[in-house]
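Inspection log for the structure reproduced underneath, given as structure tokens.
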Amino acid sequence: MDKDTIERLRKRASQHFLDSIAVKQEAEKVLPEAVAHGVLAMVDCLKSGGKVMACGNGGSAADAQHFAAELIGRFERERQELAAIALTTDSSILTAVGNDYSYDEVFSKQVRGLGKKGDILLGISTSGNSKNVIKAIEAAKKMGIKIIALTGNGGGKIAGLLDKDDIHLCAPSTRTARIQETHLVLLHGLCDGVDHVLLD
Ligand SMILES: O=C(CO)[C@@H](O)[C@H](O)[C@H](O)[C@H](O)COP(=O)(O)O
Ligand SMILES: [Zn+2]
């Protein structure tokens, strides 16, 4: 690899760090209070025997699974297992519902099948416009399930579905990668807050 190519790639990699830092600094100005509300909602839900159901597509599916793993397993400290499930992992459910109904229904049918009043739906969509996440939110709201929505891009259509009982964490960017990177900080902030309330 010639030196010019290395330098060009080094600059691009450097710019990713700088752009990511800038979005996170903006997010830090506007989102921490909503994270605090999200933490308290989750602790209330979990202490009352509820569970957190998480869903999203692509990178956000990975985020949903990452978050469920940290609640069931652990974040930074040992504690009791917490009830969380990612709706993105059962390939038989995803393929059957996607094939027989529509991909738009893959999360909403699981919400109706598994969810109960008092649970929380953690819906993750960088655009705020993924139809299967929207339908999951609509299903959850009909069942008395509170929504914590992680979005970006101004919140997209999801922003219009939420009411004052829900929690909206909208990353201040229009770029999917930057939004995803901010979502990870938000998810770790939620984990840390839950541990703090339960353990300290
Ligand atoms: O990770 C990436 C791009 O960074 C992709 O896999 C991305 O998550 C997918 O295109 C998703 O389908 C986007 O959906 P959403 O975040 O707009 O709801
Ligand atoms: Zn990505």
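The count begins at 1 with the first shown residue.
Backbone N, Cα and C atoms are what each Cβ position is placed from, and that goes for glycine too.
Noted in TrEMBL for the protein shown:
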BINDING   N57, G58, G59, E70, N99, D100, S125, T126, S127, S130, Q180  substrate binding site
BINDING   H66, E70, Q180, H188  Zn(2+) binding site
DOMAIN    42-200  domain 'SIS'
By Cα-Cα distance, the member of binding-site residues G59, S125, S127, Q180 nearest H66 (Zn(2+) binding site): G59
Residues among the binding-site residues G59, H66, E70, N99, S125, S127 that border ligand 1 - Cβ under 6 angstroms, in sequence order: G59, S125, S127
Binding-site residues compared (N57, N99, S127, Q180) - the one with the fewest other Cβ atoms within 10 Å: N99
Cβ under 6 Å from ligand 2: qualifying binding-site residues of G59, E70, Q180, H188: G59, Q180
H188 (Zn(2+) binding site) and S127 (substrate binding site), Cα-Cα, nearest whole angstrom: 21
S125 (substrate binding site): tally of other CB atoms within 10 A of its CB: 29
Cβ atoms near H188 (Zn(2+) binding site) (within 10 Å, other residues, all chains): 16
Local Cβ density at E70 (Zn(2+) binding site) - other Cβ atoms counted within 10 Å: 20
Cβ packing number for G59 (substrate binding site), 10 Å threshold: 17
Residue pair N57 (substrate binding site), H188 (Zn(2+) binding site) - Cα distance, angstrom, rounded: 19
For H188 (Zn(2+) binding site), the one of G59, N99, S125, Q180 that lies nearest, given that the binding-site residues are compared by Cα: Q180
Rounded Cα separation (Å) that holds between N99 (substrate binding site) and E70 (Zn(2+) binding site): 31
